Amino acid sequence: MSYYDTIFSDHIDKIKSEGRYREFKALKRQADNFPFAMCDDKQIVMWCINDYLGMSKHPKVVQASIDAVLKYGVGSGGTRNIGGNNVAILELEQELASLHNKEASLVFTSGFVANDTTLATLAKIMPNIVFFSDELNHASIIAGITGSKAEKHIYRHLDVKHLEELLQSVDINRPKIIVFESAYSMDGFFSPVKDIINLAKKYNALTFIDEVHTVGLYGKTGAGIAELLDCSDEIDIIQGTLAKAYGTIGGYITANHSLIDAIRLSASGFIFTTSLPPVISTAATHSIRHLKESNQERKTHQQVVSKLKSSFDRFNIPYLKNESHIVPIIIGDPIKASKASNMLLNEYSIYVQHINFPTVPRGTERLRIIPTPAHTDEMINDLSIALVQIFAALNIELSSTKELNDEIYLNLIA
């Protein structure tokens, strides 16, 4: 083994010893039988998929994709500046701006890139900028802020009092931006959006909200928590994804014309990469349009979420209680979390990927359950029974959600 191979092997061995080694499952999703998939020639029920509403297989979206690929081909052919600025992506950007009631939008190849490159570029455009970021913001937000090398202040999770203290420490005339998520993907808690908006106004700051886990799911037309709270007009930059509730791929930001144009002209992560293919842009546009008009998917989704949480309450399964659709089951041990995930798959044909550090803090390792409108009462009952039996086999204690919430909160702020 070479010197360099030894370095890589030692790194992998360390991760394995901590129970954090990740193995990817070879899945074959069944578009005509959602949320089922095939894994090792066995049919399984998927409980951890981010295709929240099953829009990836919706007839309107699928047909639009077929029509687009026959008309435009598979790829986009280049960057937005050189050959890749197709009509389909322009139509998608118009649809996104309309969805969020903003003047303009800009589409990126992923939600990660949208956050990373936008935040870094804002710092390039405003060299004296100060970032204020929630301590549990997504890795893409952290990457953008850290990579910008701008001054940053990290406020305690969802703590607007601490945020205000930090804002007070910076000259009110200095450019600043508060960056936060509407819903946090690992615990499902909502941000105090209106309180943050009020602080931004008071201290002359821009607001940047990540609506990745809420667009399509909340609000009258699916525009997210800002729409639900009727405050979209008070937020400067809304970021979202096309890869979750809308069932496709890509990320975006929406804002006023001047901000979007400045990012378009300056963001390396936008300029120097091939654009989304027309087939994807077309599919996303049709998915957005459908969910703007139809509330049935959102209504059914919320009903399934409520049924799942009620079932977990009956079985005393220790999930982290929140008001969102994200249902984290806290295990608190990386080895047991991995074993629980494998037992669900191998013994019960249920797929729930375990989540360990560094995605979540040590001691809060978990199974994150993602309900969809397609999950049935029988599936909910099967999952609940399987979890109780696995908890018993692994000697994982059942506890009330109140006790769990208190315990996790202490871990998060430690």
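Think of each number as a place in line: the chain as shown, counted from 1.
Cβ coordinates come from backbone N, Cα and C, glycine included.
According to Swiss-Prot, the feature substrate binding site maps to Arg22, Ser133, Lys152, Thr359. Annotated pyridoxal 5'-phosphate binding site per Swiss-Prot: Ser185, His213, Thr241, Thr273, Thr274, in sequence order. Per Swiss-Prot, active site is recorded for Lys244. The N6-(pyridoxal phosphate)lysine feature in Swiss-Prot is assigned to Lys244; the stated evidence is similarity to another entry.
Taking Arg22, Lys152, Thr359 as the binding-site residues under consideration, the smallest Cα distance to Ser185 (pyridoxal 5'-phosphate binding site) is found for Thr359. Working note on the recorded positions Lys152, Lys244: by count of other C-beta atoms within 10 Å of each C-beta, Lys244 ranks first.
Taking the Cβ of Ser133 (substrate binding site) as reference, residues of its chain lying under 8 Å away and at least six apart in sequence are, in sequence order, Ile141, Ile142, Ile145, Lys152, His153, Ile154, Tyr155, Ile178, Val179, Phe180.
Within 10 Å of the C-beta of Ser185 (pyridoxal 5'-phosphate binding site) there are 21 other C-beta atoms, taking all protein chains into account. Calculated from their C-alpha atoms, the gap between Lys244 (active site) and His213 (pyridoxal 5'-phosphate binding site) amounts to 7 Å. Ranked by Cβ neighbours within 10 A across all protein chains shown, the binding-site residues Arg22, His213 are led by His213. Closest to Thr359 (substrate binding site) by Cα-Cα distance, out of the binding-site residues His213, Thr241, Thr273, Thr274, is His213. Its Cβ placed at the centre, Thr274 (pyridoxal 5'-phosphate binding site) has 15 other Cβ atoms within 10 Å. Less than 8 angstroms from the CB of Thr241 (pyridoxal 5'-phosphate binding site) sit Ser110, Gly111, Ala114, Val212, Val215, Gly250, Gly251, Tyr252, each of them six or more residues away in the same chain. Calculated from their C-alpha atoms, the gap between Thr273 (pyridoxal 5'-phosphate binding site) and Arg22 (substrate binding site) amounts to 29 Å.
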